[in-house]
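See structure below.
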């Protein structure tokens, strides 16, 4: 995923394979804490994105077999990009969201995030975040049911919830997230929240902090392999840390949360290493990537703290996608 839109003479498929490998620790951690629902969502999203990719190729009259000497005409490449978009979207969605929400979001990500602009290599927006933002806006009621850590290991109950065969999630399977609880808290100090609320763990969300550590490990692997560049992740994490530090007023009932809470809650590490580093919709220049990451980090904090959504990563990324051309101009050597 380090290959920019201006460097597509290289084959990005080995990089995509390493991205998938780096996602594995975080995905396994999510599976451990949230149960089998994640695996079902992954299969639904992957099948939908690949089907949409192949459908759009057929509608354009493009062959489904490789053409030599043409990078964009290789279906394995198109399917690889769709696979990563599907993976990131499924990791971001609630593990027990209805099947139709996942299918609709994945189809929106593939059709409106890539196909509308000419397919892989031409998308101005991050497809996975476009699909996630679509789900937030179109299906807000279904996007608030996040599984409680350690729940959801009953495969049959999960299937019943996702495909609508059962009455709903069993008791204790869902709860508010740390970021949502913090936004709506008006009487307990953060110390009291950590001591009493089941969603809070050591420094962030219970279970979620370990998931973030797993994605951090995967991100460091990508940096070591030079699959991604350091500027966007460092810019995002640094800006989020500084903003939360400057606005942190300790553990009062009106606290916005500590820097560590913001770093290890929500989709912070997934966003820093797997989303803001998406090459096609991000800047090409090193300074442009740094500015992009800083913008995402600041907007994520602003939306988390004062916006209408507990985790503003998707909207932060999409807003910064609009600024990519300008950021590359600002970051160009003089």
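Just so you know, the numbers here start at 1 and follow the chain as drawn.
Note: Cβ is positioned from N, Cα and C throughout, glycine not excepted.
As recorded in TrEMBL:
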MOD_RES   177  FMN phosphoryl threonine
TRANSMEM  16-33  transmembrane segment
TRANSMEM  99-117  transmembrane segment
TRANSMEM  129-148  transmembrane segment
TRANSMEM  230-251  transmembrane segment
TRANSMEM  257-276  transmembrane segment
TRANSMEM  312-328  transmembrane segment
Counting only pairs 6 or more apart in sequence, are there at least 3 Cβ pairs under 8 Å between the transmembrane segment (16-33) and the transmembrane segment (312-328)?
no
Short question: which residues 6 or more past the ends of the transmembrane segment (230-251) have a Cβ under 8 Å from it?
189-191, 219, 223, 257-259, 261-263, 268, 271-273, 276-277, 282, 286-287, 289-298, 300-302, 305
